[in-house]
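Input: a single structure, listed below in structure tokens.
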Amino acid sequence: MSYPRSHIGYIEEDFLAQLAEEARTKFGVGKVADYIPALAEVEPDQFGMAICHRDGRVQSCGDALVPFSIQSISKVISLVIAMRHADEFGLWQRLRQEPSGMPFSSLIQLEREEGIPRNPFVNAGALVIVDILVEKIFLILHHMREFVREHSGNRSINYDARVAESELRNTSRNAAIAHLIKSFGNIHGDVNRVLEVYCHFCALGMNCVDLARLFSFLASAGHSPISSQQLLSADQAREVNGMMLTCGLYDASGSYAAQVGLPAKSGVGGGIVAVLPGEFTVCAWSPRLDANGNSVGARWALEKLVDYLGRSPLG
Ligand SMILES: NC(=O)CC[C@H](N)C(=O)O
């Protein structure tokens, strides 16, 4: 089936329905994350996608209303909250904006680079951001939950306590990363508190529609069509999109940028959020992951979407 290339900013419903159908042929490829025991229990063969347009209108298909663990997608939310509350100059003294070319939980660069993480979207960088938030914001877990509820428009979003507990009990690697950073003086607070907050952020349960709506401000120069608030300046939103394009899929960020070209962030819960600046934010979800920890089905669906549109921000 071929689709007309010119449309008025919306996606044909037929295309979405066929995408959800075709996604089923990817079922069976890849593996759900099992290093966090609670995630290993998720039904692997599910697929959903939601698109939130600049005017806040949402289109969706498949399992777009099934909640899942957002995991590393939370790293974008914590970064955005830090950019809103911390002095940005200070922020970029404590971490960098460079792709790591390394798995998300690697320790290798940290030792060589004296505890300064490569970017906010690998675990090391997110742990530094969480340390900054814990220091700056009273009742940070409450603040984070209110932020996602208000700007996605879904008041029932919550932390999945079972996932948070499960990760906290199996977080030796993140603890090692946090202690190594602290040994260089780049985590100021208590490591256990930083890990507790980090694991809760990752354990937020949201669906594709919630995430597409929450991140809609990144497609609209920082202004959320959902809450009608300016969450970041246009420059800051562009900066976040740039980091997502270059660092959002860990050590697969380069091939993803070449093949899909939309700024994006993935999580080991199987979600990927992506942005077409000026037009829409999309969230695709399917729990089975490839070797880099990115969702096989969600990445495939984003490639299909860009093929359908016939363009990306890169041309
Ligand atoms: N890539 C991810 O989604 C990783 C997040 C996960 N909570 C971890 O720290 O390992």
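Each Cβ is built from the backbone N, Cα and C atoms, and glycine gets one as well.
A TrEMBL annotation is a machine prediction, not a hand-curated record.
Sequence annotations record features per position, and here TrEMBL assigns substrate binding site to Ser72, Asn123, Glu167, Asn174, Tyr198, Tyr250, Val268.
What TrEMBL annotates, mapped onto the structure for a quick look.
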residue: Ser72; record: substrate binding site; contacts (Cβ under 8 Å, 6+ apart): Phe104, Phe121, Asn123, Ala126, Cys202, Lys265, Ser266, Gly267, Val268
residue: Glu167; record: substrate binding site; contacts (Cβ under 8 Å, 6+ apart): Ile36, Ala38, Cys199, Cys202, Ala203
residue: Asn174; record: substrate binding site; contacts (Cβ under 8 Å, 6+ apart): Ser105, Asn123, Leu127, Leu195, Tyr198, Cys199
residue: Tyr250; record: substrate binding site; contacts (Cβ under 8 Å, 6+ apart): Ser100, Met102, Pro103, Phe104, Phe121, Val122, Ser266, Asn292, Gly293, Asn294
Candidates near ligand 1 among the binding-site residues Ser72, Tyr198, Tyr250, judged by a Cβ under 6 angstroms: Ser72
For the binding-site residues Asn123, Tyr198, Val268, the one whose C-beta sees the most other C-beta atoms within 10 angstroms: Tyr198
Structural state of Val268 (substrate binding site), classified by DSSP into three states: coil
